[in-house]
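> Quick paste from TrEMBL:
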COILED    77-154  coiled coil
BINDING   209-216, 291-295, 349-352  GTP binding site
DOMAIN    370-383  domain 'SRP54-type proteins GTP-binding'
Amino acid sequence: MFGKLKEKLLKTASKITEKIYNKGEAEEVKEEKKEKPKISLTNLFRRESKKEEIKKEKTEPEIKKTEIVKTEIPKKVEEDKEEVKEIKEETEKKKISFFDRFGLTRAIKKVLKKEVVILEEDIEDVLEELEIELLEADVALEVVEKLIENIKNELVGRKISPNDNVEEITINAVKNAIKNILSQEKIDIEEIIKKNKAEGKPTVIVFVGINGTGKTTTIAKLAYKLKQKGYSVVLAAGDTFRAGAIEQLEQHAKNVGVKVIKHKQGADSAAVIYDAIQHAKARGIDVVLADTAGRQATNTNLMEEIKKVVRVTKPDLVIFVGDALTGNDAVYQAEEFNNAVNIDGIILTKVDADAKGGAALSIGYAIGKPILYLGVGQRYSDLIEFDADWMVRKLFGEEEFEFSTEREF
Ligand SMILES: Nc1nc2c(ncn2[C@@H]2O[C@H](COP(=O)(O)OP(=O)(O)OP(=O)(O)O)[C@@H](O)[C@H]2O)c(=O)[nH]1
């Protein structure tokens, strides 16, 4: 997950560190009793790039996205598992901290000979390189620009003295820059459900997006999660357009143990969702999760239909479901849906197969709406809550994530 992005960010921090060392005429100093850790910041990003090269070789030629999801994950998972195991063993063996892992305390460490004030020109070339690499990794242009600006704000004009830990300063600067991009105002779905429940109303959530992004499976995953938390859930088969969509939702509903309200294929989507809301009201059900047909923004009829759904059913939340593997396209789609029906939040799917991380980094900032959850696999439990701190920890290798190769659908 996000391997490429991780590699680029670590490389940038490492290069800036070297620039500062050079400017401050750093000298190597021996630290007593400390063994040199196997992983340094430099080695870590080298290893990330190596891993990505291998993955690239394995994944070529390009296969259709859903096929990538189905066929490539096991290999990735094995690699990632190996990586996690290695780091865990290493951490346990040496009882080393996060910063130790990046080589921030090492047997031979570099110490500045003189104080350094970081100037824009000192780091400009490194940031230009990062800019190009992020654009290649499908990070949206405005996000790339903001990130570079954030890193400059963190570092330019900063005085670094020989007593300072240069690597820690640069890592933290890049981290803060990323965190600032990822921090959108949060939505607490459970709070909304509790508030509505207290008022005797169900919470209505409508899911929108283009075809095949994982809407239906995401609805089932959220139903599973909410059920586990003790809420009652009913699904609305609002995708009355695609053949087989109602049956697909029914199968998921059966698997997770919730009821589906449906009409026939071709029926009015708004009417189905309206009925599901009435059903929930009559039976005191807490949450209505409404599927809708996948549609492109260019399909005016279907875009008018989704506007009608929102007008008629007045949902508490409209959630856009986007496929992380489509990178910038997911950002454009979210923009289109936001213009049409004003989305409240985003769920990104297939993040388990996403090395680039472009959509995950860009989509919230570009649309100004929060990412609520990430889909990370093909089990009902593979839906994790998104949180900026969590993502930063993943990106800087402080916390690893193990995917499952199991498939429940
Ligand atoms: N690896 C992985 N695959 C996923 C994830 N979420 C969904 N998928 C897969 O993506 C494919 C499409 O999912 P669906 O839920 O059918 O997509 P949809 O958006 O409902 O499709 P339409 O009904 O055409 O709009 C399925 O093969 C899912 O198993 C995820 O988080 N990770």
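Just so it is clear, glycine is given a Cβ too, placed from its N, Cα and C backbone atoms.
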> Taking ligand 1 as the reference, state which of the binding-site residues GLY212, LYS215, THR292 have a Cβ closer than 6 Å to one of its atoms.
GLY212, LYS215
> Across all chains shown, how many C-beta atoms besides its own are within 10 angstroms of the C-beta of LYS215 (GTP binding site)?
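So the number of other Cβ atoms within 10 Å of LYS215 (GTP binding site) is 27.
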> What mean pLDDT does the predicted model reach across the domain 'SRP54-type proteins GTP-binding' (370-383)?
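Averaged over the domain 'SRP54-type proteins GTP-binding' (370-383), the predicted model reaches a pLDDT of 97.
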> With an 8 Å cut-off on Cβ-Cβ distance and a minimum sequence separation of at least 6, pull the same-chain contacts of GLY209 (GTP binding site), or say none.
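Sequence-distant Cβ neighbours: LYS215, GLY294, PHE320, VAL321, GLY322, GLN333, PHE337.
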